[in-house]
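Presented below is the structure to which this report refers.
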Amino acid sequence: MARKKIALIGAGQIGGTLAHLAALKDLGDIVLFDIQDGVAAGKALDLAQSGPVEGFDAKLKGTTEYKDIEGADVVIVTAGVPRKPGMSRDDLLEINLKVMEQVGAGIAKYAKDAFVICITNPLDAMVWALQKFSGLPANRVVGMAGVLDSGRFRHFIADELGVSVEDVTAFVLGGHGDTMVPLARYSTVAGIPLTDVVKMGWMSKEKLDQIIQRTRDGGAEIVGLLKTGSAFYAPAASAIAMAESYLKDKKRVLPVAAQLTGQYGVKGTYVGVPVVVGAGGAEKIVEISLNSAEQKAFDKSVGAVESLIEACKKIAPKLA
Ligand code: APR
C-alpha cells in the first residue's frame with residue numbers, strides 16, 4: 001500500500017510540531033508548505049535528519065509551491081498569524097481570512113480529495129470560510145479546537161485530583177473562544193461524572209468552577225507566558241489525533257468544529273460538537289440532550305461564532 005501523504009499549510013510553531021508528531025507516529029510522508037521562503041525547507045530537512053535517530057522512514061519536503069501538496073490525504077492548516085498578548089482570537093479575523101482564501105484555492109486545485117483540518121484562529125469562523133473558499137464537502141473540512149480544550153480541561157482535573165490523565169474524560173461544546181462550554185456532567189473521572197465528584201466531596205464546586213474558567217482562558221494563559229506567540233504543542237497533538245482517526249478509520253468520538261445541518265438547532269454554522277471521525281471524515285454528529293442552562297450557554301457560544309461569520313461576510317462579500 002502506498003504511503004499516505006500529509007500536507008501541512010503553515011510551517012510555523014504548530015506546523016513544525018505537526019510534522020514532528022506525524023513523522024514520529026509514521027502517519028505518512030509529509031509536505032510542509034509556507035509562504036516564508038526557507039522556513040518549510042529548513043524544518044523539513046532538520047526533521048528528516050532526526051529520522052535515522054528516531055527510526056522513522058517518513059519523507060519530508062518543504063515547499064513554497066502549492067503543487068507539492070498534490071494528492072494529499074490529509075491537509076492541516078495553520079497558515080496565518082497567531083495571537084500576541086492582549087489580542088483576542090477574533091482580532092486575527094481580517095488577516096487570516098485573506099490567508100484562508102489563498103489556502104482554500106490551493107486545496108481546491110491540488111488536494112480536493114483530502115480531509116482538511118483547520119487550526120487557524122479565530123477557528124470556527126476560519127474553518128467556515130475555508131470550507132467555502134475550497135468548495136470541499138463539509139464532512140471533509142473540520143476545525144480543531146475541542147480536542148485541545150478538552151485536553152486542557154482533563155489536564156487541570158487530573159492535576160487537581162492527583163489521578164492519571166488517562167482516566168479523565170472531558171466534554172467541551174461550542175465555539176473556540178471565551179464562550180466555550182465545558183460540560184461537567186458529561187466529563188468524568190473513571191466514569192464518575194464531575195458533578196458526582198463534587199457531590200462526593202472529592203473536589204469543591206468552587207474548584208471545579210475555577211478549572212472551567214481556566215480551561216476557557218487556557219489559550220490566553222499561554223499567550224501571556226510566551227509573549228511572542230501562542231500554544232503549539234497541545235494544538236498540534238490534538239490535530240494529529242484527529243488526522244490519525246481519519247487515516248486509520250478509528251471512528252473516534254472527538255469534539256470537532258463541524259458544520260451543523262440542524263443539529264442543536266443550528267444550520268450552516270461551524271461549532272464544536274461531538275463527531276465520529278473515520279474514513280468518511282466527519283461521519284456523524286452526535287446530538288446530546290442539554291439542560292436549559294447548558295443550552296443557553298451553547299446558544300451564546302453559537303451567537304458569538306455567528307457574529308464572526310457576519311464579520312467575514314462583510315470583509316469578503318463572496319462568502320455571503
Ligand atoms: N500561506 C501559507 N503560510 C502562511 C501564510 C499564507 N498565506 N501566511 C502566513 N503563513 C505562515 C507564516 O509564514 C508562519 O510560518 O503561517 C505560519 C504560522 O506560524 P506561526 O506564526 O508560528 O503560528 P502558529 O503558532 O503555528 O499558529 C498558527 O494557529 O492556533 C492558531 O492562532 C493560531 O492562527 C494561528 C495559527
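Using N, Cα and C of the backbone, Cβ positions are placed for all residues, glycine too.
In TrEMBL, annotation is done automatically, which means it is predicted and not curated.
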Matching residue for the NAD(+) site, where TrEMBL names Gly10, Ala11, Gly12, Gln13, Ile14, Gly15, Asn96, Ile119, Thr120, Asn121 - out of Asp29, Asp34, Asp37: Asp34
Distance-selected binding-site residues near ligand 1 (C-beta under 6 Å), from Gly10, Gly12, Ile14, Ile119, Asn121, Arg152: Gly10, Gly12, Ile14, Ile119, Asn121
Nearest of the recorded positions (Gly10, Ile119, Asn121, His176) to Arg89 (substrate binding site) - Cα to Cα: Asn121
